[in-house]
Amino acid sequence: MEDEAHEFFHTSDFAVDDLLVDFSNDDDEENDVVADSTTTTTITDSSNFSAADLPSFHGDVQDGTSFSGDLCIPSDDLADELEWLSNIVDESLSPEDVHKLELISGFKSRPDPKSDTGSPENPNSSSPIFTTDVSVPAKARSKRSRAAACNWASRGLLKETFYDSPFTGETILSSQQHLSPPTSPPLLMAPLGKKQAVDGGHRRKKDVSSPESGGAEERRCLHCATDKTPQWRTGPMGPKTLCNACGVRYKSGRLVPEYRPAASPTFVLAKHSNSHRKVMELRRQKEMSRAHHEFIHHHHGTDTAMIFDVSSDGDDYLIHHNVGPDFRQLI
């Protein structure tokens, strides 16, 4: 150190004033350093004082709330106002508008806490907005009882017994109950019983409508004596006494003895016909024949009476009428 100062004094030419000036500068620098240190001490003391005045916060707070230095937490009143405002906005929007907003933004709206209080959702699972499950409306199934599987062999046997039997409905019903197998359900007998009741009603109606004079006789037309007709009609002897063909002609005033249906058992080709024109020709021929027979009979009766008359007029008749050989020329 001393060697360096000695070299400095011998190698450098400097004045005393310069040395003094340099010392003054050093003093200023020292004063600046002292001032800076004083200022630093003052700032440190003030910071320590402000830190001492403020209450110290620890990690565990008595009220159980922890705050972060980077997050600004609003007060409770401000949070209530924000929630109230969001509720008003949600209520003012209709479900259609909410759905449109969801489609535009691509995010679902806030779920209703009342409807989703059951099971918590998994935050990791993401559900798509557009669901592919489309429910198709279907017709509700009826609650009517389904018919059980029927035994066709037993049913055919019962039907053959029903159609081949000439007895009444009650007898058929009892015979079918006897022939029905014990394992068959009662549902199989219900339709047959209904059919038997209907057939029995038709048979009773037919028995009532049959004429009382002949219990075993079948109904026949009183004009053509046929027993096969699709419908019985009213005639001169009362309702349901003529067949369909004869009843139609009777209603129109054209029923004559010469008319007979072709299927009538009393049909004679020389006397009857089912054509109106042919019937009129037969009637005309019949009337002409009857008139001719009446004329011949009347003329023959008159001649016989005049010949065998014993009165005085008999001679005049013989004179004026040339009956027998004329003998006057011989006299």
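Even glycines carry a Cβ here, placed using N, Cα and C.
Swiss-Prot annotations:
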COMPBIAS  34-47  compositional bias 'Low complexity'
COMPBIAS  116-134  compositional bias 'Polar residues'
REGION    30-49  region 'Disordered'
REGION    105-138  region 'Disordered'
REGION    174-218  region 'Disordered'
MOTIF     139-146  motif 'Nuclear localization signal'
ZN_FING   215-269  zinc finger
- prompt: Going by DSSP, how much of the zinc finger (215-269) is helix, how much is strand and how much is coil, in residues?
  reply: 9 helix, 9 strand, 37 coil
Task: Check the zinc finger (215-269) for me and report the mean pLDDT.
output: 88
